Amino acid sequence: MKVIKVKDQVEGGKEALKVFKEALDNGVKVFGLATGSTPETTYDELVKSDIDFSNSISVNLDEYVGLKPEDEQSYAYFMKEHLFNAKPFAKSFLPNGMAEDADQECERYDKLLEEYHVGLQLLGIGRNGHIGFNEPGSSFDGKTHKVALTQSTINANSRFFDNEEDVPKYAYSMGIGTIMKSDTILLEAFGKNKAEAVKAMIEGPVTPEVPASVLQNHPDVVVIIDEEAASLLK
Ligand code: PGA
């Protein structure tokens, strides 16, 4: 893992922009994208930049079950607001939170991910070490699946909702096996509440209990962390 330490999240976004530019220069066509607070400054930088994604494809990591794309809490909506409205891609894909049949939806998304091999995958990390919505205990070989979110994740995500009861309890998530097939992975973590997960990811044993620790087995991972997220590293 290549670890880049930055002062804060704003500087992190600027470093991430460099990684995206390099990927485009190297001919990457498919970008795996993430939602949440973490990538916000990265998307701000992409939007401000002269980057052109009109010949690129995007595939997102996850989506809540039960939310329509027009729902302001959906990840489809988040992506439009933060990136796609300003920087449209040739095609953008997310799991369909309103799919009637969960198994069929997972199969559909996996087929799509086979067709569009991810060149650069952007990731955040949960306080419990999750990547995407692959919660502790998830299989390292996993494909797209419907996940029951852990209480820790529901608590963390409740800040985006009026009431904790409104936070969806399930999501579709790309599996760890698929994430690991990406050519390059860019993981970002900012803030004190990520420090323990970051330490476990980088310095701990590779274990399904810390899903992000699997990245130690990937040959091309860039980690961008701020001082607070790095504060527990040796
Ligand atoms: P956050 O979530 O960016 O909102 O902190 C990251 C994650 O849970 O993967």
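Each residue, glycine too, has its Cβ placed from N, Cα and C.
In TrEMBL this protein carries:
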DOMAIN    18-218  domain 'Glucosamine/galactosamine-6-phosphate isomerase'
ACT_SITE  D62  active site, proton acceptor
ACT_SITE  N128  active site, for ring-opening step
ACT_SITE  H130  active site, proton acceptor
ACT_SITE  E135  active site, for ring-opening step
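Distance between Cα atoms for E135 (active site, for ring-opening step) and N128 (active site, for ring-opening step): 8 Å, as a whole number. A simple way to gauge crowding: the CB of H130 (active site, proton acceptor) has 26 other CB atoms within 10 angstroms, across all the protein chains here.
In the three-state DSSP scheme, H130 (active site, proton acceptor) falls into the coil class. In sequence order, T35, Y75, L94, P95, G132, F133, A171, Y172, S173, M174 constitute the residues six or more apart from D62 (active site, proton acceptor) in its chain with CB-CB distances below 8 Å. For N128 (active site, for ring-opening step), the number of other Cβ atoms no farther than 10 Å from its own Cβ, over all displayed protein chains, is 19.
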